[in-house]
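Q: Here it is, the structure, as structure tokens.
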Amino acid sequence: MYKTKDKIYGYIGIIYYLILLISFGIMGKLYKAGWNNYRIIYWILFIVAIIIVLAKDKNFTNLGFSNVNLKVNLLIMWGIILLTFALSIFISDLSLAKLFKGTVYYLFKIAVVEEIIFRGFLQNYLFGFNLNKKWVYIIGGICFSLMHLPFQMYVHNMESATYIIFALPQLLFTFFFHLIMCFITYKRKDVTIPIALHYAINFLQNVL
């Protein structure tokens, strides 16, 4: 996990990211226009990332998965998920049905997808650049932070550079969040625990 690679990996990662960034802008426009199926674009790009890795690497390592520590990691992951859901029952006024629906959304449509793309695929492929590892992680963090800008600009009706100032606290949070999740991924050898933590943070923020 997170090992130096050939330059082609870095180029693939950057090209994919630029397409992803443009796609989020398109998704924002579609959202503002009232097209509810805008996330189809994101799902297509998610599938493309998986196809790229499986075609080039013939394994799941660069998607953020390995057999090392897998059983323990899965136990921790599901422990976090179940504890988060149980906690939400006590601290939220929402019905069980809505909490379950929220869990499915934030776990599978947000956490799983973003962790596989950013802590798995993209961060691994950025190691194709011959840079100090710290800089590779920083670049990955910047990519993850900026990814949120195009879509959120349309959501907040602030389609200008001034939104960057407005969103600066969130950008800093997502930058450091990426670094922490990368650290856990590196230490635990996969993205299972980051998936659970990502879900827990997003889910609890939205049910409180």
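Yeah, the Cβs are placed from backbone N, Cα and C, and that goes for glycine too.
Pulled the feature table from TrEMBL, pasting it below:
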DOMAIN    103-204  domain 'CAAX prenyl protease 2/Lysostaphin resistance protein A-like'
TRANSMEM  9-28  transmembrane segment
TRANSMEM  40-56  transmembrane segment
TRANSMEM  68-91  transmembrane segment
TRANSMEM  103-122  transmembrane segment
TRANSMEM  134-151  transmembrane segment
TRANSMEM  163-186  transmembrane segment
Q: Please indicate, using numbers and ranges, the residues of the same chain that are 6 or more beyond the transmembrane segment (9-28) and have a C-beta under 8 Å from a C-beta there.
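A: Cβ under 8 Å, 6 or more out: 38-39, 41-42, 45, 48-49, 52, 56, 117, 121-122, 124-129, 143, 146-147, 149-155.
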Q: Restricting to the same chain and to residues at least six past its boundaries, which positions have a Cβ under 8 Å from a Cβ of the transmembrane segment (103-122)?
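A: Result: 13, 16-17, 20, 39, 42-43, 45-46, 49-50, 52-53, 62-65, 81, 85, 140, 143-144, 147, 178, 181-182, 185, 191, 194-196, 198-199, 202-203, 206.
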Q: Residues sitting near the transmembrane segment (134-151): Cβ under 8 Å, six or more positions beyond its termini, same chain?
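A: Contacts of the transmembrane segment (134-151) (Cβ under 8 Å, skipping residues fewer than 6 from its ends): 17, 20-22, 24-25, 27-28, 31, 118, 122-123, 126-127, 163-164, 167, 170-172, 174-179, 182.
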Q: DSSP-wise, what's the residue breakdown of the domain 'CAAX prenyl protease 2/Lysostaphin resistance protein A-like' (103-204) into helix, strand and coil?
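A: So the counts come to 85 helix, 0 strand, 17 coil.
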